[in-house]
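Some notes on the structure that comes next.
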């Protein structure tokens, strides 16, 4: 995949024609790059994982509503919860839980 150095558009490939060599051209500006010889160039760009802010902070979760739901890890009968619409609007909301037992703190969800 090649990008136009002038405008940043994705370059398109054009097959050789008559005495013109194969080339990359930009559909948005006059940039053209003729491919005289068949040199393959590879350039790897490492992907940098971006840090994401949590949707709900630990403090928010400590102050969240509670429900009598048994923890699957320890069996404690109280958990903080919040609901988020993570799928399409016609699907039910997903409920995220955090066990209120100070020794457990297990997180789980119900779709």
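Just so it is clear, glycine is given a Cβ too, placed from its N, Cα and C backbone atoms.
Source: prediction; values computed, not measured.
What TrEMBL says about this one:
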- 4-29: zinc finger (ZN_FING)
- 4, 7, 26, 29: Zn(2+) 1 binding site (BINDING)
- 67-109: domain 'TFIIS-type' (DOMAIN)
- 71, 74, 99, 104: Zn(2+) 2 binding site (BINDING)
For the binding-site residues 4, 26, 29, 99, 104, the one whose C-beta sees the most other C-beta atoms within 10 angstroms:
99
Residues with Cβ closer than 8 Å to the Cβ of residue 74 (Zn(2+) 2 binding site), same chain and 6+ apart in sequence?
99, 101, 103, 104, 106
Which of the binding-site residues 7, 26, 29 has its Cα closest in space to the Cα of residue 71 (Zn(2+) 2 binding site)?
7
Lowest local Cβ density among 7, 71, which the record lists as binding-site residues, within 10 Å:
7
According to DSSP, which of helix, strand or coil covers residue 71 (Zn(2+) 2 binding site)?
coil
Counting each residue once, how many in the zinc finger (4-29) are helix, strand and coil under DSSP?
0 helix, 9 strand, 17 coil
Around the recorded Zn(2+) 1 site, report the further residues of that chain (criterion: Cβ within 8 Å of the mean position of the Cβ atoms of 4, 7, 26, 29; site residues excluded), sequence-ordered.
5, 6, 8, 9, 11, 27, 28, 30, 31
Helix, strand or coil at residue 99 (Zn(2+) 2 binding site) [DSSP, three-state]:
strand
